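Comments concern the structure below.
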Amino acid sequence: MTTKYETVIGLEVHVQLNTDSKIFCGCSTEFGKEPNENTCPVCLGLPGTLPVLNKKVVDYAIMAGLALNCDIAEYSKFDRKNYFYPDLPKAYQISQFDLPVAENGEIEIETEAGLFKIGVTRVHLEEDAGKLIHEGSIDKSKGSLVDYNRTGVPLIEIVSEPDMRTPAQAKAYLTELKMIMEYLDISDCNMEEGSLRCDANVSLRPVGQEEFGIKAELKNMNSFSAVEKGLEYEVKRQQKLLDEGKKVVQETRTWDESLNKTISMRGKEEAHDYRYFPEPDLVPLEIDAAWKEEMRKEIPELPREKYKRFISELGLPEYDAGVLTGDKDLAVFFEEVLSDYDDPKNLSNWMMGEFLRLLNENGQAPFESGVSPINLAKMLKMIDQDIISGKIAKKVFEKMYNSGSDPETIVEEEGLKQISDEDELENMVDGIIADNPDAVEDVQNGKDRAIGFLVGQVMKETRGKANPGLVNQMLRDKLMD
Amino acid sequence: MNIYDLTIHELKEKIAAGELTPAEIKKAYSDRINEVEDRVKSYITIIDELAGDELADYENKKEGLLAGIPIAVKDNMSTDGIKTSCASKMLENYKPPYNATVVEKLNEAGAVIMGKTNMDEFAMGSSTENSAFFVTHNPWNLNHAPGGSSGGSAAAVAAGECAAALGSDTGGSIRQPASYCGVVGLKPTYGMVSRYGLVAFASSLDQIGPITKDVEDSAILMNVIAGHDPQDSTSIAGKKEDYTKYLKEDVSGMKIGIPEEYFNLEFDEEVKASVLAAVEKLKEAGAEVETVHMTDASYALAAYYVIAPAEASSNLARYDGVRYGLRSEQAADVSEMFTNTRHEGFGDEVKRRIMIGTYALSSGYYDAYYLKAQKVRTLIKDDFDRIFNDFDLILTPTAPSTAIELESKSDPLEMYHTDIFTVPVNIAGVPAMSVPCGFDSNEMPIGLQLIGPHFGEGKIIQAAYTLEKLLNINEKRAEL
């Protein structure tokens, strides 16, 4: 009889905060500069230099803690985490050990299997290290180059409780976390650029057992899909070991994207004693109720709240609500249009359809195109009022997207107004009927499809401007019964 | 008196009266350095003759509290573009790209920085014998140590190689050499002087302070260097005063405590006699002197020799050969580069303390050592606070003896013991000054320590100034 195992997953997520300057000095945090351009004596750890805490970094950390439903510490402090590595200029990282900024939070996630609450153990502040660029291959390399632009960039480390039970839940948690950070606008949250990083702890235990199994730590998963694939692989690997009666080794494993497996880093890493002690160059951090409240006010409606509200108040389907709230700017754009337009579902269709299509094609974000919320609202009203047809509207929209013009001007300039005048239409229709006797006969013989053909001919004749609904009705009236 | 024997305030008077120009003063001190430096060896780097334009600049530099005054700076304070070695092979050729805040302040005050002085390597030592380069000699007797770790600064002042100097004090490194060299040395309240640019030894204990020929000069230098610095998160705002307003001969009603436990320790009888004689003079001048009871100083010494090395082990970890300083040539990989560089770059005492400190912070030992020592520290601070509720000052000898002979102490623990009276002060974060109070039968200087409450520099200066006038020995200079 094979034992049934339960998967236990915890995630440690590092989020780079997008403050203008670093956590302990005034250097820029801007990504993509020349190596060692964003450095100064402090973040290079030159002898004699001292850290000075950037207040905005703490503001952002408080916001993150509150958004994750944590308790914010009234008294918190920094500690030194000591180890030697070329990308760590002081040979210690200023971090937080036992008194972090925030603790005891939780967030709600949704997967196909349902809703789950995932605990957040803690959120703490720390400084990032530099980047090593290795020349050549590991066995033939002459050396490595170090870029210290990243040292001192502020990070928050968010540690979850080991509450996730499937890789899908882990992915949902990570996705939700990313969205929350984006809504707060405190990070670029870009896994490819390294402003969002994820390590995982994975273990298996027999179903019903309270004690956790031996865990492996997974690193080097550099995309959402890598996280999911890495976890899936690891769960299978551990399952296989246990089924064969073997033990899982407590170790760090790296995800290899090219081989699609996790590989042991055992032997390459020594057990670290970080010799944590309180950072003597910084004073303790005291966060009073007033500061907390000030930051609470900065928190906008968060993704899950907005998602639920779009469904309950606006009557949108779950799918639509999911897509629209999945991107903060898209949600904000949507709501701005709605301040001037009252059909959420129709707007949703347009945004998920034409708008997203063009944004993806052009690699733009919602507020970067020529379409403004006001103009989209105007355009939709024009469709509702039958001034233009839905099909013509697509042309208008694309023009708006590229030119930034408003819909009235475009329709006027291009002469795209829908023809709804009955007399004018009747002339067209009579003309088409006269020119297409075969199709007319088909209609009268009951071939409904031929109506479509005739409507098409009218549309062709009017270059799409005839009101197709009216044309259709007119043809039916004239040709049927 | 020779120009090089004059104090800062005397030099300023003469400049103001048109009797001396900054250029003449600079030349007098340069000549003095040439005369005695090969015997005293205070300086690691002498900032040489100025070129034509800069000399002219000098002539015009009459602004600032220290305009035209030659000052020496201990070689653990960053000077932009000028070697800052901390007397270590590790930084033998290191030139910082920035100035320490105190150096900026000296520059703004118009001071002429004569050079960087010798010290115990990374400020770890009590005799300047731990310098990786050479030993400094006590101007009063060249066979004796100048004290440490600011031995070069103290010797330079005592030998007339500068008008005054900056030192740093973590466990007594300003006061003890000042005592050995017969000059005045002040360690300010922790946080009063910026540490930005001071190469860190023990972050929670280090302070920069003045080493001067007399008390008035100490007050003048404090006016220049003290004050809040936004670049140092541990520096305090709103506490700076005009220290020269305390230059009054008046101790009437001042309550001074003599800690019985300190005086009961075994130490040189002549030192004891000289200190007690000074106490009598203060009593005669109206001070109220009483015995007080304090925690045994050896507890502070024990706490210090856990806390300081622990912080040092972390502060010195950055010397890994990657970015600046020494990098070992022989290394097959990064790990070897780290270990070889640190093996070659650090002297024995530095290695000793890094090992002790690493041990005290390591998993399984942190609670028993570092944490425990910090708790003892709080008790020691409370002890000082308790005394200062009722007393203005505490008085002790600065060191248990006069300047030790060079190469006389081979046991590190014996060397640590010379800091017994000074260390508790750093542990508590309070200010203290060593002021000369006499000479022993070998004409070696004896120092007396005045300890004040936090931000009590004013009281200290006032009592020290009064004592100086009563004893009238501050014009005596070492014969070289």
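Cβ coordinates come from backbone N, Cα and C, glycine included.
In TrEMBL, annotation is done automatically, which means it is predicted and not curated.
DSSP classifies B:LYS74 (active site, charge relay system) as strand under the three-state reduction. Around B:LYS74 (active site, charge relay system), the same-chain residues six or more apart in sequence whose CB sits under 8 Å from its CB are B:LYS116, B:THR117, B:MET119, B:SER150, B:GLY152, B:SER153, B:ALA165, B:LEU166, B:GLY167, B:SER168, listed in sequence order. Summarising the annotation, TrEMBL assigns active site, charge relay system to B:LYS74 (among others).
The active site, charge relay system annotation in TrEMBL covers B:SER149 (among others). Counting only residues at least six positions away in the same chain, the Cβ atoms of B:MET119, B:ASP120, B:ALA123, B:MET124, B:GLY125, B:SER126, B:THR128, B:ASN130, B:SER168, B:THR170, B:SER173, B:PRO177 sit under 8 Å from the Cβ of B:SER149 (active site, charge relay system). Secondary structure at B:SER149 (active site, charge relay system), taken from DSSP and collapsed to helix, strand or coil, is coil.
Among the features that TrEMBL reports, active site, acyl-ester intermediate is placed at B:SER173. Note on B:SER173 (active site, acyl-ester intermediate): other Cβ atoms within 10 Å of its Cβ, all shown chains, come to 37.
On the 0 to 100 pLDDT scale, the model's mean across the domain 'Amidase' (B:27-459) is 95. According to TrEMBL, the feature domain 'Amidase' maps to B:27-459.
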